[in-house]
Amino acid sequence: MKLSYLPSEFQKALPILEKIKAAGFEAYFVGGSVRDALLNRPIHDVDIASSSYPEETKQIFERTVDIGIEHGTVLVLENGGEYEVTTFRTEDVYVDYRRPSSVSFVRSLEEDLKRRDFTVNAFALNENAEVIDKFNGLADLDNRVLRAVGKAEERFNEDALRIMRGLRFAASLDFDIEEKTFEAMTSHAFLLEKISIERSFIEFDKLLLAPHWKKGIKALLATKAYQYLPDFQETAEEWQSFVADYAEDFRFTSSEQAWAATLLALKHDNPRSFLKKWKTSVNFQKTVQSLIEIFRFRMEREVTKQDVYHYGKDLLKEAETLRQAQRLDVDYERIAELDGQLLIHDKHEIVVNGGKLMKELGFKPGPDLGRTLRAIENAIVDGELANDEESIMAFVQAMKQV
């Protein structure tokens, strides 16, 4: 098969291929970028595979960086771009269900493509826009099927993360998982316990943000892969409710929103403890926790000025979007209106600070000063006190007389 035209992302990288070929080696575009070109999807990273060994690649180009030379990868800096050029290779036995014990460089493209995960990721594309398809990936692409390259059991036993990648591809491409591939995913799902949680997080996060995330969650359920992820041992009913609760075409707008929705559906009591196990950042944990808090109090009451001040209008709107997707009442206008009424959005905007109270009104550092500052802040937020020095000092004087 031949593409009707070579997408601009490949055209920009074409001089890399031409230089490698001029030096007497083979070179092709490979991987997900070729698949995305065939599907008319946006192309992101353009990867190049070559029969040139790393040291040979480095001799061809003036500017290179060793970013994974032991695995055959050299970063080529050319024409204002950065391109990963990886030598054709085969891989030895996988020792930890994630990484091969060793790699061997080869001159054969087919041997290199044989180690790929799925047939739709095992294409190569030459400089003439001709697609090399050694494993019937084009047929799978037409049929929207996700099939492992070769024996599915071997692919997942080599690298258990491919199970999560498969679920993610089902969600992002809207593909069905081929029967034997699905069976191998299910029988090897227990190996996910061997995979670093950081890598599992990346794949699950991408699944949640995919346009067809519901398909990915349904496959996660069907394979029972969720049982081997940290703190995800909930009943199938809770996972099914997660899918059922949201409008069919709903897409999450951020990772934080997606994880908040997940934890809400699974009824986790301690979201921050859960997210800590998934090795997420403190800021990520705080944001997810806040979204969960907002969603829960919105089931009981409407938004107040204090809520807008504490959480910020953007986070409140993000939580409101989850309500809208669950066909619950929303009030974006009230959030915007209350935000417009706030005299301050941060306590540092208050014109009087603790130092001034100590200097002019004799306060000492301690609980009394803290209580007074919080009272000033709350009164300004509630609109009961103007944010000017005269009003604040009078407010404090009145407090001291009570």
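Along the chain as shown, the residues are counted starting at 1.
Heads up, the Cβ atoms here are built off N, Cα and C, so glycines get one too.
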Do you know which of Arg63, Arg116 Swiss-Prot groups with Gly32, Arg35, Asp159, Arg162, Arg165, Arg168 in the CTP site?
Arg116
Which chain-mates of Asp47 (Mg(2+) binding site) that are at least 6 residues away have a CB under 8 A from its CB, listed by sequence?
Phe29, Val30, Gly31, Gly32, Ser33, Tyr83, Glu84, Thr86
Indicate whether Asp47 (Mg(2+) binding site) is helix, strand or coil by DSSP.
strand
Whole-number Å only: compute the distance from the Cα of Arg165 (ATP binding site) to the Cα of Asp45 (Mg(2+) binding site).
17
Based on DSSP, name the secondary structure state of Arg168 (ATP binding site): helix, strand or coil.
helix
Counting all other Cβ atoms within 10 Å across every protein chain shown, which of the binding-site residues Arg116, Arg162, Arg165 scores highest?
Arg162
How big is the Cα-to-Cα gap, in Å, between Arg162 (ATP binding site) and Asp45 (Mg(2+) binding site)?
19
Would you mind pulling the DSSP three-state label for Arg116 (ATP binding site)?
coil
